[in-house]
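Notes follow once the structure below has been shown.
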Amino acid sequence: MSLKISVIGTGYLGATHAAAMAELGFEVLGLDVVAEKIDKLRRGEVPMYEPGLEELLRKHVAGLPGSSGRLRFTMDFAEAAAFGDVHFVCVNTPQRHGEYAADMSYVDSAVASLAPHLTRPTLVVGKSTVPVGSADRLAAYLAAHAPAGEAAELAWNPEFLREGFAVDDTLHPDRIVTGVRSARAEELLRQVYATPIADGTPFVVTDFPTAELVKTSANSFLATKISFINAMAEVCEAAGGDVAKLAEAIGHDDRIGRKFLRAGIGFGGGCLPKDIRAFMARAGELGADQALTFLREIDSINMRQRGQMVELARQALGGGSFLGKRVAVLGAAFKPDSDDVRDSPALNVAGQIHLQGGQVTVFDPKGMENARRVFPTLGYADSALEAVRGADVVLHLTEWREFRELDPRELGKVASAQVILDGRNALDPELWRAAGWTYRAMGRPTA
Ligand code: UGA
């Protein structure tokens, strides 16, 4: 008999996981405590912009025309507990207010709400990014509070999906990592992931702490790579080198690789920044803080990039104050193909310039609504062209394909001054210079 799967928390991770599980052929019940989210999902609507997710959802949500009917939603923990053989916990773990540590309250409350209803042998699988040691604690909690006792087992199965590629990353992961304590738990997870395993996806079995650490160390490594290349950009800037060429050249070495070596205004979003901070906080609690002091530097190199972009803009405007200057900002999302503006470097730079008196006009293909909510006092335009109209300087801060396809000549006709600062090292300098623009990017020669 095929397994039935419940997914607790239908945000980014949960909505994608639920739809992917239905795509793999399972009956799925998604649960959330926010009624609005559930209503939307039942109509086949996704609360965020994620390429391919809405299509996948519509393909499976029960009651929609032509759907497989395998995916349903509820707000009732008793129903989810009765339904699922395997329960995935996909709620978020944001940074705690005023601290580095992760806020575990959503995970704790999901497990606490589920536990009293677990009356038969079951597997609860944590997917959220948590401080190492959480799985141990939650397993003990389940055993103590579920009527099924020890038979309500826990496993940890971190998620590595990237926003913008969430569907593909979930259906075709580059590895599956499972922290388990029994052969039964491993066997159940092998059944859940039978399709990707058959496709050749490596299946790595570990203990709880290792599974939890795989996730935080992977994100720390990615953050380190980005800050490394941004540090090289600073040195290139001082020495007159070209960081884009440098990244290309070192990237040819397989051991280094070309990916995640794009210098610019650095990393943001709901994961990398808070994950490295939570990791430092947890290492401190464990008495291993020295091992992660380098992450402090990674964090501060990253935050410095935003300030440097502001200074570059100031220089481009003659070095004085931003007062009365018109600044066009292309991009608000923390990365392209996403409408997520959480800790977005682009919005941070736009905000800093605005707070210093600049007249900032922002355009982003998908992130406008979220940006307006976070920063209502910035100016917003309906297109890149409108944002650039009358601008004294143009800042390219999120590397949407749409921005690479802009015609610099057309923009040149409406801009007040033809100066573009590429905060993502993603535009073609030759193209812009040939159209009469002054092109500047961090860590690259001026002409
Ligand atoms: C990240 C990880 O890449 C995922 O593997 C992980 O599952 C996810 O966090 C998570 O923990 O949930 P994501 O936050 O979607 O995924 O974004 P990334 O693609 O990692 O980009 C993060 C930031 O780094 C963006 O602001 C991006 O613009 C920046 N970045 C990326 C650079 O500045 N330079 C680069 O070369 C690459």
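Every residue, even glycine, has its Cβ placed from backbone N, Cα and C.
Counting every protein chain shown, 24 other Cβ atoms lie within 10 Å of the Cβ of Cys271 (active site, nucleophile). The active site, nucleophile annotation in TrEMBL covers Cys271.
Under the three-state DSSP scheme, Glu163 (NAD(+) binding site) falls in the coil class. Positions annotated as NAD(+) binding site by TrEMBL: Asp32, Lys37, Thr93, Thr129, Glu163, Lys274, Arg342.
Every protein chain shown contributes to the tally, and the Cβ of Gly268 (substrate binding site) ends up with 24 other Cβ atoms within 10 Å. Positions annotated as substrate binding site by TrEMBL: Phe160, Leu161, Arg162, Glu163, Lys215, Phe260, Leu261, Arg262, Ala263, Gly264, Gly268, Lys335.
Here TrEMBL flags 328-429 as domain 'UDP-glucose/GDP-mannose dehydrogenase C-terminal'. The average per-residue pLDDT of the prediction over the domain 'UDP-glucose/GDP-mannose dehydrogenase C-terminal' (328-429) is 98, rounded to a whole number.
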Max Cα distance spanning Asp32, Lys37, Thr93, Thr129, Glu163, Lys274, Arg342 (NAD(+) binders), Å?
24
Where ligand 1 binds, which of the binding-site residues Phe160, Ala263, Lys274, Arg342 are close by, with Cβ under 6 Å?
Phe160
How big is the Cα-to-Cα gap, in Å, between Thr129 (NAD(+) binding site) and Lys215 (substrate binding site)?
7
If H, G and I count as helix, E and B as strand, and all else as coil, what does DSSP give for Gly268 (substrate binding site)?
coil
When distances run from the Cα of Lys274 (NAD(+) binding site) to each of the binding-site residues Phe160, Lys215, Leu261, Ala263, Gly268, the nearest one:
Gly268
